[in-house]
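**Student:** Take this structure, written in structure tokens, and hold onto it; I'll ask about it next.
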Amino acid sequence: LHMIHLHWYQYPPMNPMMYPLLLVFMLITGILCLAGNFVTIWVFMNTKSLRTPANLLVVNLAMSDFLMMFTMFPPMMITCYYHTWTLGATFCEVYAFLGNLCGCASIWTMVFITFDRYNVIVKGVAGEPLSTKKASLWILTVWVLSFTWCVAPFFGWNRYVPEGNLTGCGTDYLSEDILSRSYLYIYSTWVYFLPLAITIYCYVFIIKAVAAHEKGMRDQAKKMGIKSLRNEEAQKTSAECRLAKIAMTTVALWFIAWTPYLLINWVGMFARSYLSPVYTIWGYVFAKANAVYNPIVYAIS
């Protein structure tokens, strides 16, 4: 109880119907996430043709999402059943740490996947091919930096506390001291604004490069006196259209997944009067759903 901010005491308990709904949602999300990411890991690791350096990043993404749901799914089911956090202060901190760690690792793995695609498509033969050693170094960098940022609250730079809905734990965005807020400013930049900017930048140039390539092929086809260098079926879905869809899907899903949690943190810092316990649910609902569709977007594309 000592970890719960006074702000939450002004609100009545949430509608009891919210907990069964949240429990069912988490049950479905947990099963889909664990199954989808396990299948992704198993297929990529057991299919020789798929064991490429680039796919090591996809496997790492699936691993981080799998670990996030594996460690957070059971506690959430328990707290939804009891309508409050019942697992103690220490486990609250561990729970929040693991969620932040896996979330941060997932985000930056997606960034490196995007950067690899940028390197292959935009730079082409001029770009340095991704080797197993380099991919492994990227993965190690992701986990070391994620761990460094997420362990900081244990040493006094911000802290992990129960969320307003009391079914989960996260960073403390209600404390007004400059030390706590400075962590959230930098962490928001590190796990949201910078990755989003890099992703958008890379995909803009990827689409431009593919569009230029397609135009070159059409011009070459005209010189050769044929309609297209592609067969009729491939022409129906041009490369730039498919890639544009992947790019828009990636950026849109990123925005949908992480923006609610960011907004909750920033509203908590600057306009807490608008923040009720019910609103805090949506942050991790969308973030957890991200772990479900990641294997679909990245493994297939």
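Keep in mind that glycine also has a Cβ here, set from the backbone N, Cα and C atoms.
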**Student:** Look up the topological domain names in Swiss-Prot for Gln10 and Arg272, then state whether they lie on the same side of the membrane.
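**Tutor:** Swiss-Prot topology: Gln10, Arg272 on one side of the membrane.
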**Student:** Which residue in the list Cys80, Cys92, Cys241 does Swiss-Prot annotate as forming a disulfide bond with Cys169?
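**Tutor:** Among Cys80, Cys92, Cys241, the record in Swiss-Prot lists Cys92 as the disulfide partner of Cys169.
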**Student:** Pick from Cys92, Cys169: which of these disulfide-bonded residues has the biggest number of other Cβ atoms within 10 Å of its Cβ?
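**Tutor:** Counting Cβ neighbours within 10 Å, the top one is Cys169.
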**Student:** According to DSSP, folded down to helix, strand and coil, what is Cys92 (disulfide bond)?
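**Tutor:** The residue in question, Cys92 (disulfide bond), is helix (DSSP, three-state).
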**Student:** Taking 3+ C-beta pairs under 8 angstroms (sequence gap of 6 or more) as contact, is the transmembrane segment (183-204) in contact with the transmembrane segment (279-300)?
**Tutor:** no
**Student:** According to DSSP, folded down to helix, strand and coil, what is Lys288 (N6-(retinylidene)lysine)?
**Tutor:** helix
**Student:** Would you say the transmembrane segment (246-267) and the transmembrane segment (56-78) are in contact under the rule of three or more C-beta pairs closer than 8 Å, pairs 6 or more apart in sequence?
**Tutor:** no
